[in-house]
Amino acid sequence: MLDAFSRVVTSADSKAAYVGGADLQALKKFVSEGNKRLDAVNAIVSNASCIVSDAVSGMICENPALISPSGNCYTNRRMAACLRDAEIILRYVSYSLLSGDSSVLEDRCLGGLKETYASLGVPAAGNARAVGIMKATCVGFINNTSNQKKLSTPAGDCSALASECAGYFDKVTSALA
C-alpha cells in the first residue's frame, strides 16, 4: 500500500532525484486539504452500516429474485455474506480515500473479485448495482448533499474528494465487469 507520500518518494528514488517541484506542490496541497480528507472518511465510516444496508436493500428491491429460494441472498447466511462483502468493499474504498491512493483497494480487495463471485454463481450486475448505490451515497456525504447523516460532513468545496471517491468505486465496478 502506498500513500501519497510514499508514491512520490518511490518515484523520485527510481529516478535518483530529490523530491521537488510539482511533486512537492502536490504533497503540500495534499497536506493542506488533510482535514477535509479526514472529515470525508469520517463521514463515510460513521455511516458505514447505513450505506451498506441501503446498498444491499436497493439491489434487492430492484431484483427481488435475489431473496427467493433460489436467489443469492436467500437464507440469513447468504444475506450476511452479501452485507459482509459490501462492508469490505466500502472499508477498502475508505482506506484508499484516506491515503489518497488506490493500491490498497487494488491489492487487497479487487484482485480475483470477479472470479470469486463467478465461481460462487453471484451475478455481477447485482453487485455492480450495490457498489453504484454505495458510490452515490458516499459522494452525497462528501459533498454534503445527503440528509441522512449521523455526523457533520466536510466543510468547503469537496468536489475533488468526491470525484476521487467515485473513482475508487468505479475501479470496483470495473473489477466486477
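Cβ coordinates are placed from backbone N, Cα and C, and glycine is handled just like the others.
Bear in mind that the values here come from a model prediction, so they are computed numbers and not experimental data.
Listed features, source Swiss-Prot:
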- Y18: mesobiliverdin binding site (BINDING)
- K28, N35, D39, P154, G156, C158: (2R,3E)-phycocyanobilin 1 binding site (BINDING)
- C50, D54, C61, Q148: 15,16-dihydrobiliverdin binding site (BINDING)
- N72, R77, C82, R84, D85: (2R,3E)-phycocyanobilin 2 binding site (BINDING)
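On the structure: features taken from Swiss-Prot.
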residue	record	contacts (Cβ under 8 Å, 6+ apart)
Y18	mesobiliverdin binding site	A12
K28	(2R,3E)-phycocyanobilin 1 binding site	none
D54	15,16-dihydrobiliverdin binding site	I133, T137
C61	15,16-dihydrobiliverdin binding site	none
N72	(2R,3E)-phycocyanobilin 2 binding site	L66, R78, C82, L120, G121, V122, P123, G126
R77	(2R,3E)-phycocyanobilin 2 binding site	none
D85	(2R,3E)-phycocyanobilin 2 binding site	N127
G156	(2R,3E)-phycocyanobilin 1 binding site	K36
**OP:** Determine the minimum-neighbour residue: among C50, C82, C158, listed as binding-site residues, which Cβ has the fewest other Cβ atoms within 10 angstroms?
**Re:** C50
Original post:
Of all the binding-site residues given, N35, D39, which has the fewest Cβ neighbours within 10 Å once its own Cβ is left out?
Top reply: N35
Original post:
Compared by Cα position, which of the binding-site residues N35, C50, C158 is the closest one to R84 ((2R,3E)-phycocyanobilin 2 binding site)?
Top reply: C50
Original post:
Which chain neighbours of the (2R,3E)-phycocyanobilin 2 site, leaving out N72, R77, C82, R84, D85, have a Cβ atom within 8 Å of the mean position of the site's Cβ atoms?
Top reply: C73, R78, M79, A80, A81, L83
**OP:** Calculate the distance in Å between the alpha carbons (Cα) of D39 ((2R,3E)-phycocyanobilin 1 binding site) and C50 (15,16-dihydrobiliverdin binding site), and round it to a whole number.
**Re:** 18
Original post:
At the Cα level, what's the spacing in Å between C50 (15,16-dihydrobiliverdin binding site) and N35 ((2R,3E)-phycocyanobilin 1 binding site), rounded?
Top reply: 23
Original post:
Per DSSP, C158 ((2R,3E)-phycocyanobilin 1 binding site) is which: helix, strand or coil?
Top reply: coil
Original post:
When DSSP states are folded down to helix, strand and coil, where does Y18 (mesobiliverdin binding site) land?
Top reply: coil
Subject >> Cβ neighbour count within 10 Å of R84 ((2R,3E)-phycocyanobilin 2 binding site) >> reply: 11
Original post:
Rounded to a whole number, what is the top Cα to Cα distance in Å among the residues the record ties to (2R,3E)-phycocyanobilin 2, namely N72, R77, C82, R84, D85?
Top reply: 14
